[in-house]
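Report on the structure given below.
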């Protein structure tokens, strides 16, 4: 009784799949009918489905016929017929859930089903993957199936012009990468003309490798930045000074928490070297020293980053790929550059930023697919509201997953790994060896070379050959050493006669801190019912065991008197490894959740700002908006100077008039005597009338058309400037807020409170600047006959078309035109 109850609780996936099989039967019953269709009838069917949706039918009503149509189109165009389990996967994606499908089960083909169905609504479908190669491959491969049914297919990859992007997003189905789509969203919120926006409303996205994008990349913000103006000399000074400090005595390293802290002795040395009295009062120096310590003691070359073409390039810890164009923030990247002696790039100023978590949560509906998601189901459910459904394989999975081999030392482990590889190599069985860093892959490669074993290395340094190396990895006598990248999205196909040798042997040289990454490595073998085998080798010196493992394991090995070359297989050790991984997974989830709680604050503010910006961008007549801002600024000025006094006689009238002249009405045609004896509301009415008269006068001088352009340009420019400064201020607030915990205050509540105050102040400051500019700028004719605006007040000349403070002249213009900044909005800007 209890067993059957437990089984029913555990088999949620089976129940879900069983339910969906009924719809599969309906789709299969339509197959013969759709096989009779002529080619020209496929687009006609699409038109018919769209009409039925307009007449009130739901997508679910059309689903069986839509899936049957796509299956038949795929059979004709590609010679590939969707299996029943692929139809189930397609339904799970359509429901806004995650389909966990093992490697080689045809996820790319599955995506065509929900993509076609949801594209019928005419609002666009995005199929998102992790890199340009996969996006282009999938669009070329699957696009013809959707086009056969009468849909348009677009592709978003790096390097496209603004026109190409706009056309791609206007298609029914758009393939692209998470990075490009996220950046396009940010760029759309920086353009100065509505025509330059490329994306439509975010309707439905299908994310391939969803765990990689929504979990591994969740903490990574997308940032558009301009060049900052902080000098770089301090980084060199600190890089020279750090080697004088001694670990434990001057600073302590906590690898688990990934932090370095100065001891009292260390603080004294810093103060002496930089000739300052109190380090705690010099926050900038303290921050830079801390980043320098991090760069020297926590960040390792060939593990966290590599040096390529005299540049520090980050290595993605989850995929092992080089992350070109990405930089560590907060001066850490500059600290690493100083440590390695390469050119230090200036710190940048953030113009716009968003995390993947918040970008993808803006879609009306989200579906995802991957080979490994079940271990992260709680996170998907809590953060994205998405369930994970395990889809059965088309053929039974017969790969043998062997127990871990545990060694006392890393050296002993690697000796055993080499012996295992040699014995498999002699038997001609292909071997895929997984390592967790560039450094470890090169160490193992040197050991194999010494023993004369021919092999290929696939790591961040050689990623250009990835597809070619992975394509060969299933051939006879092939040994491939790969970091975590191991070609996600590229199947390893077995060569002739390999099945008889036992299939591909996957050997993991270390357990990753996430069980999911280990499962991905195992999943390279045993695809589509092929035979295969996997085994992990572990040592007590591995990072996972050293930082999170149990001391009991080492005690057990001591008691058994085991030497370095003797492995141990014991349930207690397997449990200790799994327990260590669960600890790390829970910790990482907690960090991501905490990051999200903080990021949600700025995200809500971002949505408000971008919403207001779009109103300005699409607004034809902003006169009312500006007039309302003028009224607000007048009321605030009166409140500020009046205080509790009712009559103006009791105010500081000279100071009030001076403020009006500087911030609202330049060269007013009245004096303080004209306001004597007035109440607050009378002063407000008096000034409102004066500003209205001045506004009408300016409009008459300039003409209504130019005045409307002027309003839009000033509003956009000030919104962008204030938002950039606000992002910087919020970053600084967030970096310092953790110190509040020492004062027994909840840092998150404090952050929310102060962020709200900062946002309110930004809005007020924005209104003041708009009012100051609107009454002071005048149009001047430039030689190129471009309209710019000259400030009559104290401030320097301002050009509203310019979006960022320090965008490089050779950078692409953020307005989205696809031209260089100096040839576009930056023309004439020195």
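Even glycines carry a Cβ here, placed using N, Cα and C.
491 is the only one of 491, 518, 542 that Swiss-Prot places in the ATP site (with 86, 104, 105, 106, 107, 108). Burial estimate for the binding-site residues (86, 108): highest at 86, by number of other CB atoms within 10 Å.
Listed in chain order, the extra residues whose Cβ falls within 8 Å of the Cβ center of the ATP site residues 86, 104, 105, 106, 107, 108, 491 are 101, 103, 109, 110. Using a 10 Å radius centred on the Cβ of residue 106 (ATP binding site) and all shown protein chains, the other Cβ atoms total 17. Reduced to three states, the DSSP call for residue 104 (ATP binding site) is coil. Contacts of residue 104 (ATP binding site) defined by a Cβ separation under 8 A and a same-chain sequence distance of 6+ are given as 491, 527, 528, 530, in order along the sequence.
For residue 107 (ATP binding site), applying a Cβ distance below 8 Å and a minimum sequence separation of six or more within one chain yields 89, 99, 101, 208, 369, 370, 371. Taking the Cβ of residue 105 (ATP binding site) as centre and 10 Å as the limit, one finds 25 other Cβ atoms among all the protein chains shown.
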